[in-house]
Amino acid sequence: MVKFFQPKISPLPDGIDLKGSTAVVTGASAGMGLELTRQLLQLNISTVILAVRNVAKGENVVKQLRGDPHIRTYNGNATLKVMELDMDKYDSVQRFAKHLRDEIPIVNFLILNAGIGLLKHDRSPSGHDRTLQVNYYSNALLIAELLPYLKASAERTTIPTRITWVGSRAFETTSLQKTPLQPNERVLEHMDKKEFFAPFQRYGDSKLLCLLFMCSLARQIDPKKVIINMLCPGMVNTNMSDVLPVYLRAVINVVKAIRARPVEVGVWIILNAALVAGPDSHGKFLIDKDIASESQYISSPAGQEVQKKIWEETIEELSRLTTLPPEVN
């Protein structure tokens, strides 16, 4: 059971200096993505790639960050580069990956922050449910496209590259617990069917797919080359609730006023997973700053079967789009 009041979170430890490092932040033009970029700059990072759907908005964010007195004084020479990445479209993901590989020699940190939570069933150009496309499919493709490049970055720096994926403990609310798969039913086809769309559980469904894919992928990756983990920052005071109906938004805004963490604190949790958590976090899910125990659903026979199917079906999907590296095959 989730406690109403969230535990207090301490800031990052002193002494973190990211000079010489490069980070990619998806969804960097607002909310936690914007604050992630700000805090990385405050930690003296040399280069941040702002991966955004709206390039003009991204450029305005760069101007805003350049105007920050602290950043201007202490890290004014940092490189901030805006690149287009629309997670709703596979071809945008592939263009972004090529652009990144062609222009940026080394990436040390890939922070997968972009995400949505829609309450209506809508489809992406791929034909998939839009929430699943943005939160899951496109992230899986992005990782597959970049994994050899991230491994090469680690070989050049002799330090593991980090992939940190923003998840949510909402995965525990998955609709699959109430509407289990039929014996021969495919998970991804099930999720795409309108009759199985559960508005208040779809976000959790998408985060379950992310978590299960990450856990399976981590088994294939050498953590001496790439460390991948996932975290839940808890309830954070962002604008994600703006998609709710007015009557629900009013209630949630009251709850957020009492319970939600400031965006700054939510980002401490993300950066803890990306910068502080050790190799033991590889393939793990972190709640706040701690590695969580495996959920009852995931460890159950039904959950294990779903995980196996998700991996196989996702590989089948991705193989139609790109040449997969050995780890994703």
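The backbone N, Cα and C atoms fix where each Cβ goes, glycine too.
According to Swiss-Prot, the feature active site, proton acceptor maps to Tyr203. The Cβ of Tyr203 (active site, proton acceptor) has 25 other Cβ atoms within 10 Å, all protein chains considered. A helical conformation is recorded for Tyr203 (active site, proton acceptor) in the three-state DSSP classification.
In sequence order, Asn135, Gly167, Ser168, Ala170, Phe171 constitute the residues six or more apart from Lys207 (active site, lowers pKa of active site Tyr) in its chain with CB-CB distances below 8 Å. Sequence annotations record features per position, and here Swiss-Prot assigns active site, lowers pKa of active site Tyr to Lys207.
What Swiss-Prot records for Lys57, Asp86, Asn113, Tyr203, Lys207 is NADP(+) binding site.
Of the recorded residues, Tyr203 (active site, proton acceptor) and Asn113 (NADP(+) binding site) place their C-alpha atoms 14 Å from one another.
Within 10 Å of its Cβ, the residue among the binding-site residues Lys57, Asp86, Asn113 with the fewest other Cβ atoms is Lys57. Largest Cα-to-Cα span within the NADP(+)-binding set Lys57, Asp86, Asn113, Tyr203, Lys207: 27 Å. In the three-state DSSP reading, Asp86 (NADP(+) binding site) counts as coil.
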